[in-house]
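According to TrEMBL, the features are:
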- 5-44: domain 'L-seryl-tRNA selenium transferase N-terminal' (DOMAIN)
- K277: N6-(pyridoxal phosphate)lysine (MOD_RES)
Amino acid sequence: MGDRRRAVPGTDRVLSDPGVAAAVERLGHQLVVRTVREVAQRARDGLLDPEGVVTETLAALPRSASGMRPVINATGVLLHTNLGRAPLSRAAREALQVAAGTTDVELDLDTGDRGRRGASAVEALLDAVPGAEDAHLVNNGAAALALAATALAADREIVLARGEMVEIGDGFRIPELLTSTGARLREVGTTNRVRLDDYRQALGADTGFALKIHPSNFVISGFTAEVGVAELRELAVPVVADIGSGLLRPDPALPGEPDAATTLADGADLVIASGDKLLGGPQCGLLLGRADVVHRLRRHPLARALRVDKLTLAALEATVRGPRPPVAEALHRSGLAERAAALADSLAAAGVPAEAVDSGASVGGGGAPGVVLSSAAVALPARFAKQLRLGEPPVMARVERNRCLLDLFALDPDDDEALRRAVLAAH
Ligand SMILES: *Cc1c(COP(=O)(O)O)cnc(C)c1O
C-alpha cells in the first residue's frame, strides 16, 4: 500500500504533462489543480492505477471554465425557461464574440466623446417597430414592469383587471412586483369579466396609468370579457401594455398572440415585453412607446440599476437586424414528420426500439398559452429519458404516457444527428 501511495505522481509532475499544461492555458490553474488533486487522491485510495493519473485527469477535466453545459431540447417546449428560453441566432452569437472585447458601446468614434449607450440596439428596435417613437432596454420583462411602475406610478395607483393578476412562474407574481415599487394596485372587474366602465370608475387624481397584462401562461374560457388596448386608450390616463412574449409584429403562426406594433397602433403609450421569448433574443426587457414616456424611464435613477450589459445590447441588435432567429425558424418549419421517420428508422436499424409518432408541441415560457403546435417525435421506452439526460451532451426529452418522446419541434435539423448519436450512446 505504501509503495502504491509513493507511486502516485505529485501535482507538479502531472501539471508538467503537455496535455495537462494545455488544459491549464484553457481552463486556468485552479480548476486543473483541483482535478489533479481529486484524481491523485483516488489513486492513493487504491481506486485507480497510479500510472493512469494523467490520463484520468485529462478525462475528468471540465470542458470549459463555466459549469453551464449545452443541452439538446427535445421537450417540444420551444421556450423552456429551465433551458434558458430562446437559443440565439448565429448572428447574435457572433455579435457576442465581438462585444466580449473592448467596444464602442458608449463612445462616439467620430467625435471621440461619450456616445449614447446602446444607441444602435435601440435604432434596430425602432426600425423594426416604426410605431414606437423611442425604446429603452432593461434586464428582463420584470425589470421593465418595475421601472414603469416606479417612474410612472410610485405612490400612485395602477388600474388593472382582476383577471390579469398573473403569476409568471417560480412563485413570482406581477401584482407583488408592482406593489414592491411603492405603487398601489386598483383591481377592477371580476376574474372572468371586466368592462371599460369598470376602469373608468376606478380612475381618479391618483391614477398613474392603466395596465393591460397579457395572460401569457393561462387561458380563461367560457363567460369572459376583457377590455383591449384600443378601448383603454379612450381613458384619460396613460395605457401601459405588458405583452409578455416580445413578438414585434404579428406572426401568422400564432394568431392569438399580441405584438408590439399592433399594440402601439391600438394606442398603448408604452409596451413592455421580454427579449428572450418569441423575439428569440437574449434575456432583456423592452420598453417601447411614446418619446416622453420612454425619456422619463431612461432618466429615472432606477434605470441605472436595471441597465443591460454590452453583451445583451449586441445580441439583441443582431437578433432584430439579422436573419430569422431559431425560435422563429422553428415556428415556421415544415418536414417534422419526415425527420422523425428518418430518425426512428435509423435508430430501429441499430436495434433501438424507436417509433415515429405525431406530437403536440407548445411555445412555453410565457407565450401562446393553450396553443398546441403540430409536431412530430420519436418515441422510445421511458427508461431512455434519464439516460439521455445524463448523457453527453445531455438531452431533455418529454415523458408522456410512460414513453420517452423526443419532440423535434424546438430542434434545429442540423442537431438531428447529435440527437441520434445521443440515443445510440444511451442504448
Ligand atoms: C414572461 C412575462 C413577464 C416576465 O418577463 P421576464 O423577462 O421573464 O422577466 C412579465 N409579464 C408577462 C405577461 C410575461 O409573459
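Just so it is clear, glycine is given a Cβ too, placed from its N, Cα and C backbone atoms.
Curation does not apply to TrEMBL; its annotations are automatic.
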- Item | Within the predicted model, mean pLDDT of the domain 'L-seryl-tRNA selenium transferase N-terminal' (5-44) | 94
- State the count of C-beta atoms found within 10 angstroms of the C-beta of the residue listed as 'N6-(pyridoxal phosphate)lysine', not counting that atom itself. 29
- Note on the structure: Its residues classified by DSSP, the domain 'L-seryl-tRNA selenium transferase N-terminal' (5-44) shows 34 helix, 0 strand, 6 coil
